[in-house]
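S.K.: Here's a structure for you.
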Amino acid sequence: MGCVQCKCCSRYPSSSSDGDSRGPLEANGVLKGKDQKPLGSIHVPSPNFDMVYSVLSQRGYYPDSPDKENQDTYCIKTELQGNPNVHFFGVFDGHGVLGTQCSNFVKERVVEMLSEDPTLLEDPEKAYKSAFLRVNEELHDSEIDDSMSGTTAITVLVVGDKIYVANVGDSRAVLAVKDRNRILAEDLSYDQTPFRKDECERVKACGARVLSVDQVEGLKDPNIQTWANEESEGGDPPRLWVQNGMYPGTAFTRSVGDFTAESIGVIAEPEVSMVHLSPNHLFFVVASDGIFEFLPSQAVVDMVGRYADPRDGCAAAAAESYKLWLEHENRTDDITIIIVQIKKLSNE
């Protein structure tokens with residue numbers, strides 16, 4: 001992403017997810033330095049069901065930067081606006097030199113804006129979009145230099161028996177759906193990257209060059225698309241570049257911050273979806289792309305579904321992701337996962 005100059009970041013805390021692992025998995029497969037919170041539970045009075053949740057965040061393993069901090073952070077806020085039926089879960093994946101400061105800033109301000117918005121229950125989608133766009137402007141105007149730093153965000157707002165999902169970037173939310181004797185993964189968000197034809201065309205219309213690193217460096221023909229899809233692509237995905245420079249090189253098409261990338265179509269407007277919960281919905285997962293880089297949504301749901309305790313599900317998914325990272329690369333990304341189980345929900 002390149003170096004940037006810090007204006008003044010001392011007032012912004014480090015990530016609440018501060019695992020300090022100095023190396024890969026321990027011999028028994030357990031993550032070192034992980035930050036896992038106690039089991040949490042929420043009762044939703046209307047329509048009378050329970051949620052049980054856990055979160056785990058693991059700092060990435062970077063051999064060349066052993067002291068690199070965890071740029072992921074997360075937020076679990078119960079009873080927004082004092083309403084026992086409204087709850088918020090979010091994961092924020094920072095990037096760039098000041099990614100940690102960006103992810104913490106956005107985490108705090110998004111939930112504050114939603115909490116203060118009188119239209120939240122009347123029109124959650126409108127409230128979501130307003131919050132992210134306003135936070136983006138606040139970040140630009142803050143003491144944090146976000147010219148080449150920012151954060152993605154995946155958030156879930158529970159409003160009674162409905163969940164509203166707002167996505168900015170390439171983190172993901174997935175719902176586990178019981179279908180007879182199977183548990184199926186239903187994506188609640190869709191990664192906003194140049195792999196998506198609609199997003200690729202949108203940023204190109206804004207002036208972005210969409211090329212892999214090898215293409216930008218002249219190792220491959222820039223006029224021939226060298227990537228197929230996200231699952232089959234190796235370690236050289238399509239990225240966004242200005243017309244006459246080798247920056248910013250973002251692998252996503254939406255984020256909060258990234259002021260420089262806005263000139264080539266990177267936007268902070270979230271895509272918002274809604275699902276009406278039913279007894280067939282068992283749990284949902286909210287996680288950074290550190291989880292999903294090498295694990296498809298169905299594999300994550302299969303793994304989490306084996307465990308009665310969401311703490312165990314978090315640990316298993318994080319450990320498997322960590323292992324797969326090291327099998328494919330000599331490092332791992334930061335990894336953050338929230339699992340929320342849905343219990344005692346009836347059709348009545």
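Cβ from N, Cα, C; glycine included.
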S.K.: If Swiss-Prot says Asp93, Asp333 bind Mn(2+) 2, which of Asp50, Asp141, Asp289 does it name for the same site?
M.R.: Asp289
S.K.: Can you see whether DSSP assigns Asp289 (Mn(2+) 2 binding site) to helix, strand or coil?
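M.R.: Going by the DSSP assignment, Asp289 (Mn(2+) 2 binding site) falls within a helical segment, counted as helix.
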S.K.: Which number gives the other C-beta atoms within 10 angstroms of the C-beta of Gly94 (Mn(2+) 1 binding site), all protein chains shown included?
M.R.: 31
S.K.: Mind looking up the mean pLDDT for the domain 'PPM-type phosphatase' (52-342) in the predicted model?
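M.R.: Mean pLDDT for the domain 'PPM-type phosphatase' (52-342): 96.
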S.K.: Please list residues from the chain of Asp333 (Mn(2+) 2 binding site) whose Cβ is under 8 angstroms from its Cβ, counting only those at least six apart in sequence.
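M.R.: Those within reach of Asp333 (Mn(2+) 2 binding site), by Cβ under 8 Å and sequence separation of 6 or more, are Gly60, Ser288, Asp289, Gly290, Glu293, Trp325.
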S.K.: I want the residues beyond Asp93, Asp289, Asp333 whose C-beta is within 8 angstroms of the mean position of the Mn(2+) 2 site's C-beta atoms, in chain order.
M.R.: Asp72, Thr152, Asp170, Ser171, Ser288, Gly290, Ile291, Glu293, Asp334, Ile335, Thr336
S.K.: When DSSP states are folded down to helix, strand and coil, where does Asp93 (Mn(2+) 2 binding site) land?
M.R.: strand
